Amino acid sequence: MPQDKIVIHGAREHNLKNIDVEIPRDKLVVVTGVSGSGKSSLAFETLYAEGQRRYVESLSAYARQFLGNMDKPDVDSIDGLSPAISIDQKTTSKNPRSTVGTVTEINDYLRLLYARVGTPYCVNGHGKISAQSVEEIVEQILELPEKTRLQILAPVVRTKKGTHVKMFERIQKDGYVRVRVDGEVYDISEVPELDKNKKHNIEIVIDRIVVKEGIRSRLFDSVEAALHQAEGYVIVDKMDGSELLFSEFYACPVCGFTVPELEPRLFSFNAPFGSCPDCDGLGVKLEPDVDLLIPDTSKTLREGAIIYWYGKASTYYPALLEQAMEQFGIDLDRPWEKLSEKEQQIVLYGNGDKLFHFLHEGDFGLRDQDMTFVGVIPNLWRRYRSGMSESAREMARSYMTELTCTTCHGYRLNDQALSVKVGEKNIAEFSILSIGDTLDYVKSLVLSANNEIIAKPILKEIKDRLTFLKNVGLDYLTLSRSSGTLSGGESQRIRLATQIGSNLSGVLYILDEPSIGLHQRDNDRLIESLQKMRDLGNTLIVVEHDEDTMMAADWLIDVGPGAGDLGGEIIASGTPKQVMKNKKSLTGQYLSGKRAIPVPEKRRAIDKKKMVKITGASENNLQNLDVEFPMGVMTAVTGVSGSGKSTLVNSILKKSLAQKLNHNSEKPGKHKKITGYEGIERLIDIDQSPIGRTPRSNPATYTSVFDDIRDLFANTNEAKIRGYKKGRFSFNVKGGRCEACSGDGIIKIEMHFLPDVYVPCEVCHGRRYNSETLEVHYKGKNISEVLDMRVSDGLEFFRHIPKIERKLQTIVDVGLGYVTLGQSATTLSGGEAQRMKLASELQKRSNGKAFYILDEPTTGLHSEDIATLIQVLDRLVEQGNTIVVIEHNLDVIKTADYIIDLGPEGGAGGGTILAKGRPEEVAKVADSYTGQYLKAKLEK
C-alpha cells in the first residue's frame, strides 16, 4: 500500500533537536521560520541529502567513485521518501557559453528547426540560395584569372576524431596518390599515424590544374569525382593560401557565397562548425579599453594621463613615452583630449618604423639606442599574452574590456549559420527577442505545407518550453542572455520551468525561495506553476517566506522558535489556517496580522540640493533615464522583474561611484555622467556572499573582535609570566595552536568509497589550542571556551570592556546573538552573512558619509528578521549615511523614505521611471504595479 506521507524520526542535522515530523506526500508543503532556525537543515541537509544518498547507494562501487560520496544525514529514519531533485540558487553556471537557450534546451530544438526547414540567403544581398550543379561550379572556377594554379580537393573527413586508417585504405584503393591531412599534403603511402583523440581534416587531392583554355572537360571530371568522394563537397585550393568551398547543396550563383549542408551543429556557437571564427562563439572579445587606460582626459601626457604606464614604480615607460613624443613633436603638456586624433593614434598604436633615440638608466642598466615606438596598446597586448607572471597578466587584463565582436556583431555564429532564416529571422535574431515576443513569433510563423509537417513536433516542444518560462514570470528574458548574469531567483525559476517541461511524476522536489527577485505581480503565476507540478503527482517542499506562497500551500511547517541553538524545533505543522491559530508560531502571527512591521510615523526630510544624479542612463533596456538618488535617506528601487533595477543600481550607480571614489577599473554601464557624489567618502556594497570561504573564518575574526579578545588574554598575569604575546592565542599561526590539527580542531579521515569522516582532534579534543595555551584563563575561561560562547553570552561576559562590548552589541543588534563567536563562516546562511556585514559596518565610527547599496537584502529572511533588518538600516541612516536598496518586499518598500519605481514591464517593455517620491505618493500612481500593491499594504 503506497504511503501518503514522509515520516522523519530523530533528525539532528546541524541545529535540529532530534525532531520527528510528518510531511504529506503529493502536496505543496512550505517550510518556513526565522533565519538560522533549521529550515535548510531539514529540507536540504536531511530530506534531499538522504534521497540523493539512497540513489547513489544503489549504484555499483565503480560508479560511485565518479559521483563522489554522499554524507548520511544525522537522522534515525526517513520513510516514504521519493527520488529527490533539488532546485536551489547555488548552481548557476558562470560559463560564458551557457545561455538561457542552452540551459532550457530550447536552443537544441531551435537548431533542429533551422536545419530542417531553414532557407539560406546570400549574405551579400543576392537573395535565396539554391543547390549548385557541377556545371555551375565549373563555370565559377573558370572565371578565376588565367594561370591561377589550383588543387581540386575532396573533403572526406571534416573535424572528426580517430586514426582514419580505413579511410586512407579506401583512398588508396580508389587510385589516388596524394592526400592533404590537417593542412599538410602527403603521399598516400607516407601519411603519419594520426592521434585518435584529436579532430582531423582529410582531403583527397583529386587533381592539380592551371586555369587556361581547354581545361573544361578535365575540370568537369575532377569536380565530379571530388563531389562523389566527398558526398557533395569540393574545395578549390588556389595555392596562395585562399580556398573556395563549393557544394551541390547551397551556393550563391552571383558571388559564390556557399552554405554547407544544413545540420544542427551549423547553428551551435559551441561547435567550431558554426561558431564565429573571430570570437570562437562567445560574441565578445577582450580588447584594450582607452577609457580605462586614460580615465582622466583633462590630464597631459607628462602629468600621467596614461595611468597604465605612470601608475608603476618604474621610470622606464614614462621616460620612453616622453622621449619618443618630444622627438616626434607631440606636446607633452597639452591635455589628452586636445591632442589631434593622429597624435593620439601614435601614442596608442605606435609610429610605424620611425626611429627615436632612447637614453635611460634604470633597473635593467643603461639603454642608449635608436628604436621604434610600438605604442601603448601593442605593449599592453604583449604583456597580456606573454606575461612573465599571472599577476602581470591580471594587471594587463584590468585595462581591457569585453567588447562586442565586430565580425559577428555579438551573434556568436559564422556567416553561413546567420544566412539561414525561418520566416523572416535567422537563429540569432530569434534568440534576442524576449521570451514573450519569441512565443508570439513562433505562433504566427507561416510555413509551406511540407515544412509545416516537418516543423510541427519541433515547434510544439519550443512553444511548451517558452510557455513554461512565461508562466514562472520570465517572459522578459531573452534566449541569448548569459546564465552568469541571472540572479539566483531567475536561474532557479528557469530550472523550475525545465522540470515542469519534463512532466515527471512521483518525484520529491525541494526548492529554495523560488520567489526571490519576483515582483508581487508575478507571484500568482509562480504559485500556479508550483501547483501544476504538484498536480502531476509530485511532492513539493518549498523553503519560503513569501506570504502569498505560504497561504497557497497545502501544508505549512514552522521551524523555530529562534535561530541557531535557540531553534531546531517544529513550532507548528498544519494547514495555513491551523498555523495562523497557533499562538507559539511567529509565522502564524504575521500571517494573521496579529504582528506586523509598522509604517514609519514620519518620513525623513529630503534635501533637493543633496542628490546623486545619473544623466542619460541607457545600459541594457534603460531608456536614457535621468535619475536622482537623495542623500541621507533610504531609497528603494522597485519594479517588476527585468525592469532595469539591477542595471541602474549595480551596473551604473555602483560602478560609477566605485570608479570615482575607489579608482575601480571596472567599467560602468552606459550613461552620460554622474554628479553630486562629492559628499560621499565610502561606498559599501552589502551582499549575501559568504564572509569567509574557509572554516577558519568566523564572526569573531570577521568583526575583528577576536583581536581585542586576544589582546585581553595576552594582558592577563598568567600570560605575562609565561611571556605569551597576542599571537599565542591565534589558531592560524604556529605557537599556541594545536599542531596535530593545525588549529582546525578536527581531522579529516578519507574513507574512499564512503564519505570523508571528520573527527575531533585526539590531541586537543576539538579545542584548537595546545594545553599550555589553554592554561591561561580570563574570568575562569580559556580562549577555546570563549570561542564556543554564543555572542549574546559573550556580551555579558565582556561587559565593561568597552571595545569588545561595543562590537558584540552590534552583532546582537542585527539579530545574530545566537551565533557562536567561533562558528565557521561557511555554516552561515546568506541572510546571516549579510547581517554580519551590517554589524561590522555598525561598529565603525560613522561620519555620515557612507553610501550603502543592498540588492534584495530580504532574501532568506522571515518577517521577524526583516523587522530587525529595517531597524539596523534605520540606525545607519540616522547616522547620516545614505542607503539605496533594490527590493520587492513591501514591508521594506513601505518603510523607505523615497521610492524609484521602474517599468512598466520587463525587458524591452521596461526601463522607464513610472513613479518616484514618498511611498504614499507612489501608491497613488495607477500605472505602477508596485504602487497598486503598496496602496493595499499601507491601508492595512
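Numbers run from 1 along the shown chain.
Heads up, the Cβ atoms here are built off N, Cα and C, so glycines get one too.
Cross-referencing 252-279, 532-559, 868-895 with Swiss-Prot places the feature zinc finger at 252-279. Between the stretches 225-251, 738-764, Swiss-Prot puts its zinc finger entry on 738-764. DSSP assignment over the zinc finger (252-279) gives 4 helix, 3 strand, 21 coil. According to DSSP, S35 (ATP binding site) is assigned to coil rather than to any helix or strand. Within the same chain, residues at least six positions away from G33 (ATP binding site) with a Cβ under 8 Å of its Cβ are K39, D558, V559, G560, G567, I571, T587, H862.
The 10 Å shell around the Cβ of S35 (ATP binding site) contains 28 further Cβ atoms across the protein chains shown.
Non-local neighbourhood of K645 (ATP binding site): V637, T638, G639, I886, L902, each in the same chain, at least six residues away, with C-beta under 8 Å from its C-beta. Packing around K39 (ATP binding site) is summarised by its Cβ count: 28 other Cβ atoms lie within 10 angstroms of its Cβ, all protein chains included.
Between the listed binding-site residues, namely S37, S641, S643, the fewest other CB atoms within 10 angstroms of a CB are found at S641.
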